[in-house]
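Annotated CoA binding site per Swiss-Prot: LEU38, SER39, SER40, ILE41, GLY42, TRP43, VAL44, GLN113, in sequence order.
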Amino acid sequence: MKKIVESTTFPRTKQSITEDLKALGLKKGMTVLVHSSLSSIGWVNGGAVAVIQALIDVVTEEGTIVMPSQSVELSDPKEWGNPPVPEEWWDIIRESMPAYNSNYTPTTRGMGQIVELFRSYPEVKRSNHPNYSFVAWGKHKNKILNQHPLEFGLGEQSPLGKLYIRESYVLLLGADFDSSTCFHLAEYRIPYQKIINRGAPIIVEGKRVWKEYKELEFREELFQEVGQAFEAEHNMKVGKVGSANCRLFSLTEAVDFAEKWFINNDSKNIKK
C-alpha cells in the first residue's frame, strides 16, 4: 500500500473514476465485460467500493456490468501444480471438497478485489458454474447468466456466447490482454481442439456430487499476443482511469479476430 500511495499524484475518488470512465468511452446502457486491477488505479478513496459505484453510475440500470468470477480451485486435484498434492490425497479431496455455491464460493484470488466485492452486491447475480462463473448487474443479467452449461463452460451457450450476440464491450481496467476471457470463445470455433475431462463438486437434486465434464484445453499463454495483434489492426478506446492503463473495445470484434488469428498463427494445431 505504501508504494501505491507514493506512486499516486492525487487521491482517486468515485467522482474522478467516473469522469475517467466516461472519457474512455464507457456510456449509459452499455453491456460491458470488465477485467480489473484495483492496485493499478492508484490509491482509491473507498477502494473497490468506489470503483464499483463509478461503474454503476456510468452504465446505469439500462446497461449491464459483467465480470468473470472464476473459482478454479474447485477442480480435480490431479490437475494441481501450484502446488501439487500427493496422489494419495486425491480421492479424499474429491470426496470432501465443498460444492460450488453461487452465494459463498469465493472467486480465485487472482481475479482481484473488485470482482470479489462486486459478487456480494445487492442485485448482482452469479451464474451456476463451479469453475467459470460470471457475475452481472443490470438490465440483461438474467439473459446473460441463466442456463450456464457445465460442459464447455466458456463456449457458445455460456455467458460469453450470449455477450457475443449482444454487441457487448470489454473493459480492461488496469488489466492486460492476457486476462481477456472473451478470447476463450474463439478457441471453441477453431478446427483444432483438444478436449479433456475435468471434475468439480456441485449440487445435484440437493445432494453434493463430484461431477466430471468435458472442456477444452485452453491456450491462455497466447492471449497477450492475440490482443496486441488485435490492437494493432483495430481502433479501440485507450486511456487512463486513475493511474491504470485501460482499453475499451468490441467483444464481438475481438472474438472474430482471435478466431482468425488462432487459425493462422497457432503452430500447435491440435487435432480432435
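Every residue, even glycine, has its Cβ placed from backbone N, Cα and C.
Here the features listed in Swiss-Prot are painted onto the structure.
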residue: LEU38; record: CoA binding site; CB count, 10 Å: 23
residue: SER39; record: CoA binding site; CB count, 10 Å: 16
residue: SER40; record: CoA binding site; CB count, 10 Å: 18
residue: ILE41; record: CoA binding site; CB count, 10 Å: 27
residue: GLY42; record: CoA binding site; CB count, 10 Å: 22
residue: TRP43; record: CoA binding site; CB count, 10 Å: 18
residue: VAL44; record: CoA binding site; CB count, 10 Å: 23
residue: GLN113; record: CoA binding site; CB count, 10 Å: 17
CB-centroid shell, 8 A cutoff, CoA site LEU38, SER39, SER40, ILE41, GLY42, TRP43, VAL44, GLN113, site residues removed: ILE4, ARG12, SER37, GLY47, VAL51, GLY174, GLY242, SER243, ALA244
Where LEU38 (CoA binding site) sits in the secondary structure, as DSSP reduces it to three classes: coil
Conformational class of GLN113 (CoA binding site) under the three-state DSSP mapping: helix
Span of the CoA site, taken as the largest CA to CA distance across LEU38, SER39, SER40, ILE41, GLY42, TRP43, VAL44, GLN113 (Å, rounded to a whole number): 14
DSSP three-state assignment (helix, strand or coil) for VAL44 (CoA binding site): strand
